[in-house]
Amino acid sequence: MQNERFFDGFEMFREMLRNEVKPNSVTFVSTVPHCENYFDICYGGSLHCCVIKHGFGSQVSVLTALMSMYAKLGEISLSEILFDHMLNKTPLSWNVMISGYVNNGLREESLVAFREMQLEGFSLDVVSIVCILSACSNLGDILLGESIHAFVVRRSFETNIDVSNAVLAFYSDCRLLSTCFRLFERMATKNTVSWNTLISAYVHCGQKEKANMILHQMQKAGVKLDSVTLLSILSCYTESEDFRQGKILHGFAIKTGCDSDVSLTNALIFLYCKCGELDAGLVLFDIMPERSVASWNSLMTGFRHQNLPKNGLVLFSQMMNENQRPNQVSILNILPMCRLLSQGNSIHAFALRTGMIKETPVLTSLIFMYARFGKISLSLLVFQMGKRRDISLWNAIMNVLAETKNAEQAVAVFRELLQISLEPDSVTVLSLISSCVLVKRLNLADSVMAYIIRKGFDKDVVIGNALIDLYARCGSIMVARLLFDYMLEKDAISWSVMINGYRLHGNARGALELFSRMQLSGMNPDAITYSSLLSACGHGGLVEEGQRVFNSMVEDGESPRTDHYACMVDLLARAGHLHEAYDIVDRLPFKPSVGMLQSLLGACKMYGNVEIGERIFQVLFKTYPQNSESYVTLHSIYAAAGNWEDANTVRSLMEGRKLRKVPGFSLVGD
C-alpha cells in the first residue's frame, strides 16, 4: 500500500469497507498517512470516526498515527486531545507530539513536552533529541541547545551520525560557525548530510569563499555530492556577477544526474531569472517533467524581480488553469505585480476562498496593494481583519498612512497600539517618526523622543538618524545637534542628516564645519552628503566653497549625479555666474532636467541676461516643448529688457501651442 499512489490507497480502503472486510490496526496505521499527505481535515476526521466505529480508538499505534495526521494538517490541538487521553504513552507517541509542536511553530510547547517526557521516566531516543534540537534552533535558545549537546555527550549519543548531524545543524542555525567547524572536525564519522550542513552554515553567514573551500574538501574526501549540496552552494550565486559560477554548477548537476531534482531545478530557474536570463529560466521550466508549486513560484519571483508584471499575471492564470493551487508565496509574488485594482480584488477574493487571508504576510501585502491604488479605506479594512496582536500588521498600516501623507491618522494608530499594550518595534517607531515629520509639531516630536528614550530605541542608529532629521525639520536645529553629538555610534547617514539639517536652516557655514569634522573622523561622505552640502552652499551664496566641495567629490572618486550638477548650476546661477552655470549645462554627460534648466532661466530673469536666457530657452524648447513656465520666464526677460517685439513673438508661440500660464494663488483670504 505504501508504494501505491495516494488515491489508489485511499480508494482501496473504501473498497475494503464496501466488501465488508473488517479493518484492523495495521489497516488504519497504513491508511492514515494518506490523509496527512494529500487530503484535508475532512478526510482525516472521517477516517478518525471510522477508527472509533471499529473499536480501535484506544489502540496506541492507531492513536499515534492520528496524532501525526492532525499535527501535519495544522490541527495540533486535536493531536493534544488524543495524546492527553492516551492511557499508555510510548516513546513514539511522545516523539510525534514533540515533532508536531516543532513543525507547527510551537517551539516552547515542544520544550515543555520534552521535559515532561523525561519526568515521566521515558528514555530519550534519537528522534527525541533531533526534534528538540530543531526546536532550540528555531527558538534561538543557545543555552538549552548547548545543554542538550552536553546530554548527548554524557549519554554517548554522539556516536550516532543522525544525532551528531542534528547538533551540527543546531550550531549552524545559531550562526556559531567556529563551534560548528570544531564539532565537524571532531566527528568520527561524516556523511553527505554532515558536509552539507557545514556548507550551508557558511552560505547562510555570507561566507561563500569558505563554503566553496569546504565543497572542494568534500570532493577531495571522495564524498558524493547530492542535490542538497548543489542547492546549498547555488544560493551563493544569485547575483549577476556570480552568474558564470552558477552556470558551472548547473553543468555539474547535469553531469551527475542531479538536474532531475525538482528543488534544484527550481533554484536554477530562480538563478537564471534573477540574473536576467529569462529565456533560459523558461526553458528549464518548460522541460520539467513534473512541477511543484515552488517551480511556478520560482519563475513568478523571477518575473517580479525583472519587473515584468504582465508575464507574472499570465503565469498565475496558467497556474490556475493547470489546477496547480497557488500557495502563500504565489500570492505574495503576484500582489505587487497587479497593475489594475480589479486584478488585486481578484487575488483578494482568491485568498478569502482558500483561507490564506488569515495569514499575516498576505494581509500585509493586501494593505500595500490597496494603498498603491490610493484605496486607503480598503487598506484599513484589511488591517481590521488581521490579528490585533501582530506587530507586523500595525507596521504595515502605519507605513502606508505615513507614505500617503495621512500623518495624523498614523499617529492615532500608534496611540491605539499602545492602548492594547502591544510593544512596538523599531519599524513601528520609524513609521511614527516619518508621520511626525509631516505633522511638524515640536510638542509631538518631544513626546515621541521621550517615548523612544524610555524604551531604549535611541540606541538604534537608524532611529537616532530619523530623530535628528525630525527635529531639524521641526525647526529645532539645536536639539538636532545635541542628539547628533550624544550618539554613541554614528554612520555616514548620521553626518549627512545633520549636514542636511544645517542646509534646511540656511546655515551653510555650520554644514561646512561639520563636513570637515566628518572627514577628520575618517568617515567617507556619500552622494547624499555631497548633495546636501552643495545645496547648503548654494542657499548660503558660498560659491568658492561649493566649487571646492564639488571638486573634492570628484577627487574622492564619487561620480556626480544629476542632483549634484543641479546644485552646482543653482549655486552659480544664484550668485550671478551665469556663463559658468551655462557651461556646466552645456557639458553635461546626460540630458539636463527641467528643474535645472528652469533654475538657470530664472536666474537670467533676475540678472537680466538675455543672451544666456535665449540659449537656455532653446534647450528647454527642444527637450521640454510643453513646459509653459519657460515661455513665461523668457517673455519676462524680454519685457524687462524692453524688447517687446521678441516678447510678443514668445507669447504668440505660446498661444500657438495652446499653452497657458499656471495661475498663481493666495493663501490669505479670497
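Cβ atoms here come from the backbone N, Cα and C positions, even for glycine.
Caution: TrEMBL annotation is automatic and unverified by curators.
For 90-124 (among others), the entry in TrEMBL reads repeat 'PPR'. Distant neighbours of the repeat 'PPR' (90-124): 60, 63-64, 67-68, 70-72, 74, 76, 79-80, 83, 131-132, 134-136, 138-139, 141, 144, 151, 155; these residues of the same chain sit at least 6 beyond its ends, with a Cβ under 8 Å from one of its Cβ atoms.
Per TrEMBL, the feature repeat 'PPR' maps to 191-225 (among others). Nonlocal intrachain contacts for the repeat 'PPR' (191-225), taken as residues 6+ away from its ends with a CB within less than 8 angstroms of a stretch CB, comprise 161, 164-165, 168-169, 171-172, 175, 177, 180-181, 184, 232-233, 235-237, 252, 256, 258.
What TrEMBL records for 261-295 (among others) is repeat 'PPR'. For the repeat 'PPR' (261-295), the list of distant contacts is 227, 230-231, 234-235, 237-240, 243, 246, 250, 253, 301-303, 305-306, 308, 324-327, 329-330: same-chain residues at least six beyond its ends, Cβ to Cβ under 8 Å.
Taken from TrEMBL, the feature repeat 'PPR' covers 390-424 (among others). With helix defined as DSSP H, G or I and strand as E or B, the repeat 'PPR' (390-424) counts 26 helix, 0 strand, 9 coil.
Annotated repeat 'PPR' per TrEMBL: 491-525 (among others), in sequence order. Here the repeat 'PPR' (491-525) has Cβ contacts under 8 Å with residues 461-462, 464-465, 468-469, 471-473, 475, 477, 480-481, 484, 532-533, 535-537, 539-542, 545, 549, 553, 556, 558 of the same chain, all six or more residues outside its ends.
For 526-560 (among others), the entry in TrEMBL reads repeat 'PPR'. Within the model, the repeat 'PPR' (526-560) carries an average pLDDT of 90.
Remark: secondary structure over the repeat 'PPR' (261-295) totals 26 helix, 0 strand, 9 coil, with classes taken from DSSP.
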